[in-house]
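Student: Residues annotated as domain 'G-protein coupled receptors family 1 profile' in TrEMBL: 45-294. What TrEMBL records for 29-52, 64-83, 103-124, 136-162, 209-230, 242-265, 277-296 is transmembrane segment.
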Amino acid sequence: MKTFSSPSNSSTITGFILLGFPGPRERQILLFMLFSTVYLLTLMGNGSIICAVHWDQRLHTPMYILLANFSFLEIWYVTSTVPNMLANFVSETKVISFSGCFLQFYFFFSLGSAECFFLAVMAFDRYLAICRPLHYPTLMTGCLCNILVATCWVLGFLWFLIPITVISQMSFCGSRIIDHFLCDPGPLLALTCSRHPVIELMSSTLSSLLLFIPFLFIMGSYVLVLRAVLKVPSAAGKRKAFSTCGSHLAVVSLFYGSVMVMYVHPTSEHEAGMQKIVTLFYSVFTPLINPVIYSLRNTDMKQAMKKLLGIY
């Protein structure tokens with residue numbers, strides 16, 4: 001239970017109101033149907049990749065094991081926001097409990113953090129495969145792959161634990177309305193009774209480190225990959241190398257291109273509508289698009305998906 005105080009009363013309130021996407025009832029029903037479809041397609045697409053990797057022995061390699069974990073992460077990433085969003089579309093009150101809000105806050109940011117680490121590890125795997133092809137089997141062993149996977153999950157769920165715990169202990173004053181479809185640090189900090197510059201600085205610093213360190217690592221890996229590919233004499237070899245990296249680069253571009261806009265300065269005053277759209281893009285539509293990108297641009301994955309679907 002959390003107390004929200006105001007100058008006129010001292011009532012005890014146990015939750016927040018997520019405005020989401022306000023509008024007429026007909027629009028709410030239409031959005032409910034749209035995002036229900038997107039959610040189901042996301043589950044099916046990422047679930048298909050997990051099943052294909054599990055059942056096809058040819059895909060039991062570090063590259064595809066990382067991809068399967070990434071798809072598993074995407075399922076839970078979208079699940080941390082969309083079911084509550086769907087409930088809000090058909091709800092009259094649009095209330096989320098205090099504990100529910102901070103649980104969503106924790107899981108959304110933890111899974112997003114893990115995604116950053118997975119993207120960096122996947123870039124590292126491609127660097128070893130292309131720049132150190134002869135040593136790749138001895139370097140990227142099953143043991144190392146499992147360690148990297150575990151590290152991504154553990155770091156992701158520890159990265160924002162302290163600031164989220166501290167924010168959850170703050171007192172909130174006046175309005176309890178959050179003009180967003182999820183519990184986001186910017187709107188939450190704006191509802192606190194007093195400013196907390198240390199927490200704002202900590203959140204901003206952790207967000208910046210989380211985004212830029214993996215991003216620079218990814219870019220550095222691909223600079224080295226590009227140098228190695230340009231030295232490949234045959235055009236076919238270059239095409240094969242670029243095709244194995246193209247999917248990952250497309251996913252990195254989609255994710256980082258949108259997420260960097262929002263969380264380098266989480267307390268800055270973004271236009272509420274634009275904030276929702278950008279957040280919606282990287283948290284809902286990117287997990288939907290990723291399986292398509294990986295399936296269309298990867299021959300082995302296309303064959304495994306056809307086999308899974310019984311096409312041949």
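Every residue, even glycine, has its Cβ placed from backbone N, Cα and C.
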Student: Mean pLDDT over the domain 'G-protein coupled receptors family 1 profile' (45-294): what is the value?
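Tutor: So the average pLDDT across the domain 'G-protein coupled receptors family 1 profile' (45-294) works out to 87.
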Student: Mind checking which residues of the chain, 6+ beyond the ends of the transmembrane segment (277-296), have their Cβ under 8 Å from one of its Cβ atoms?
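Tutor: Cβ under 8 Å, 6 or more out: 35, 38-39, 41-42, 45-46, 48-49, 67, 70-71, 74-75, 77-78, 81-82, 108, 112, 180-182, 184, 247, 250-251, 254-255, 258-259, 261-262, 302, 305.
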Student: Which sequence positions outside the transmembrane segment (64-83), separated from its termini by at least 6 residues, show Cβ-Cβ distances below 8 Å to it?
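Tutor: Residues 35, 38-39, 42-43, 46-47, 49-50, 53-54, 104, 107-108, 111-112, 114-115, 118-119, 121-122, 125, 145, 148-149, 152, 181-182, 283-284, 287-288, 290-291, 294, 300-301.
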Student: Top stretch among 29-52, 136-162, 209-230 for CB pairs under 8 A with the transmembrane segment (103-124)?
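Tutor: Looking only at 29-52, 136-162, 209-230, the most contacts with the transmembrane segment (103-124) come from 136-162.
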Student: Please give the sequence-distant neighbours of the transmembrane segment (29-52): residues at least 6 beyond its ends with Cβ less than 8 Å from one of its Cβ atoms.
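Tutor: Residues packing against the transmembrane segment (29-52) from afar: 21, 23, 59, 67-68, 71-72, 74-75, 78, 82-83, 85-86, 89-90, 284-285, 287-288, 290-292, 294-295, 301, 304-305, 307-309.
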